[in-house]
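Now, the feature entries from TrEMBL:
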{"type": "SIGNAL", "residues": "1-20", "note": "signal peptide"}
{"type": "DOMAIN", "residues": "55-231", "note": "domain 'Aminopeptidase N-like N-terminal'"}
{"type": "DOMAIN", "residues": "291-495", "note": "domain 'Peptidase M1 membrane alanine aminopeptidase'"}
{"type": "BINDING", "residues": "H345, H349, E368", "note": "Zn(2+) binding site"}
Amino acid sequence: MRKFAIGLIPLLLLSACATRDPVIKGQPSRELSTPYTLKSGGFVPPLQRGVTVRHAELWFNFDFERKVLYGTSELTLDSQRKKRTISVDLDTRFKVEQVWINDQPVPSGNVKNPDGQLLITPQNAVVFPLKLKIQYFGRPRTPVKAPWDGGVMWQQTPTGEPWLATAVQGEGCDLFWPCIDQPTGEPQQLDLHITVPKNLVAASNGVLQKVTQLENAHTFHWHSDAPTNTYGVALNIAPYETLTADFDSRFGNRYPLTYYYLPGVGTQADATGQDADTQANAKALFAELPQMLEFFEHYIGPYPFPNDKVGIVQTPHLGMEHQSINAYGNGYKKDAYGFDWLLQHELAHEWFGNQLTNTSWDHMWLHEGLGTYMQPLYAQYLHGDVAYYGYLNKIRSQLNNRYPIVSGRVKAEEEVYDKDKGPGLDLYYKGAWVMHTLRYLIGDDAFFGAVTELVYGRRDPQPGNFAPRYASTTDFIRLVNRHSGSDMNWFFDTYLYEASLPELVTRRTASAITLEWQTSAESQFVMPLQISINGELQTLSMTGKTTLAVTRNDVVIVDPHSRVLRQHRRFEELKAYRARGSQP
């Protein structure tokens with residue numbers, strides 16, 4: 001186990017809580033985050049291109065009454081080129097007090113933060129690698145509705161104790177710590193030192209190294225050797241209690257499971273009310289984890305972060321895939337499928353999002369489509385085909401098909417998640433249906449083989465022989481082509497790069513039925529199709545217009561097992577019904 005000296009920074013921050021007030025001092029930070037800060041991803045600023053974050057060591061302290069965050073960040077940066085100016089991202093709400101490069105202070109006049117891109121120009125050009133230390137404080141952005149709106153939540157438990165949580169997927173890591181706010185800005189190693197009053201617990205990423213006792217507080221030191229998703233770095237502070245266990249993996253290793261929960265909080269969504277069954281609910285939720293892990297390890301491969309933990313933490317927002325400390329706020333709900341979908345979905349992101357990270361937000365469907373497909377697949381794993389198809393039918397009604405899932409352009413987060421600018425929820429539901437259709441087209445061996453290699457970068461993942469990696473849609477298509485032994489570009493051209501779904505044009509007469517695919521894609525859509533005639537199944541190649549002889553009395557069912565994602569009148573009618581303001 002690695003040892004890290006905490007040093008004097010937490011003590012200095014503690015004294016700062018009592019002596020500094022950013023409002024009284026009139027600190028020049030802005031009241032509103034800038035458009036630059038609120039944008040996550042997109043084109044990488046020139047000064048940040050080619051820069052790697054080798055290590056991020058972060059210190060945090062808080063004034064809960066004034067909702068002020070005090071932070072110190074030490075980033076070990078590397079680059080192949082010298083730079084005259086160094087750039088990282090930090091919300092202008094924060095006042096930057098001091099900056100050091102390799103322990104040498106940078107004059108305040110050489111530090112600028114006009115729009116959220118912090119610009120640091122030392123007296124001489126710097127050579128990498130280097131250590132950049134930034135001391136800052138201020139009132140971070142408070143989300144209106146987390147996690148869909150990002151920031152730091154300053155909530156209270158029903159008994160009036162602080163309950164803090166961060167959720168920054170949409171707007172980015174720079175809402176509370178200096179970072180490179182890009183999918184490729186992951187710190188390769190991470191240390192967090194979180195100082196809180198002694199009645200509170202700080203749950204975060206990685207492994208708890210130690211808790212240092214101070215006069216009226218204690219500091220939790222968390223460490224991870226794994227590259228950590230930038231928006232996956234998370235702070236969770238409350239009077240937590242814990243449930244713990246060890247999981248024996250099918251791959252021969254053992255790793256810890258931990259759930260941080262609040263006693264007496266039965267409804268996480270609004271954090272109100274007492275629930276005498278809270279501990280029973282917490283234990284029941286925690287008991288779901290082993291079977292979920294068995295499922296993921298069976299279909300995909302080893303849990304990616306066994307040297308850290310499988311961590312779940314109760315939050316005042318619905319949930320988020322924070323690496324090794326997944327946020328959970330679903331109120332211990334189960335539905336007809338017999339499991340907590342939110343817990344299963346966020347856990348899926350440890351594979352699709354944290355182990356596999358997209359190279360840009362334009363490929364976010366790899367996170368969300370695969371992550372969402374895991375819920376119907378898990379329903380099938382638990383209960384069989386009826387549950388699987390029932391789940392798929394439920395999410396099929398949510399498709400919008402206004403924008404392509406993938407544009408082929410570099411995009412910021414809001415350009416893909418905002419339904420008025422991009423695919424929005426189609427990342428989830430349409431992405432899941434694309435996976436369903438692909439699975440039954442190429443078969444389980446090719447499908448899961450391609451997914452496993454996408455996630456791990458190899459076909460034979462074992463604990464210790466892989467590391468977190470980046471990939472894109474193009475990488476996935478290449479793997480599908482190789483594992484299936486076919487050129488599947490026609491499939492992805494239609495389902496990913498076009499907004500509209502393929503339409504099956506059907507014409508029936510007294511003696512025949514004619515079927516033909518129509519799409520807006522340039523490539524020919526050659527999706528095979530099952531058809532049932534009086535209960536007898538046959539598969540049509542559908543390389544062009546296909547005509548079959550039938551009588552007026554024949555019962556014809558096209559795609560009887562619902563394996564092909566296509567335009568369907570019943571869903572279009574439902575969409576129009578909803579648009580009129582009616583409830584389904």
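Yeah, the Cβs are placed from backbone N, Cα and C, and that goes for glycine too.
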Site with most surrounding Cβ atoms, counting all protein chains shown within 10 Å, from the binding-site residues H345, H349: H349
Cβ neighbours of E368 (Zn(2+) binding site) where a neighbour is any other Cβ within 10 Å: 28
Near-site residues: Zn(2+), ref H345, H349, E368, CB cutoff 8 A to centroid: E321, E346, A348, F352, G353, H367, L370, G371, T372, M374, Y428
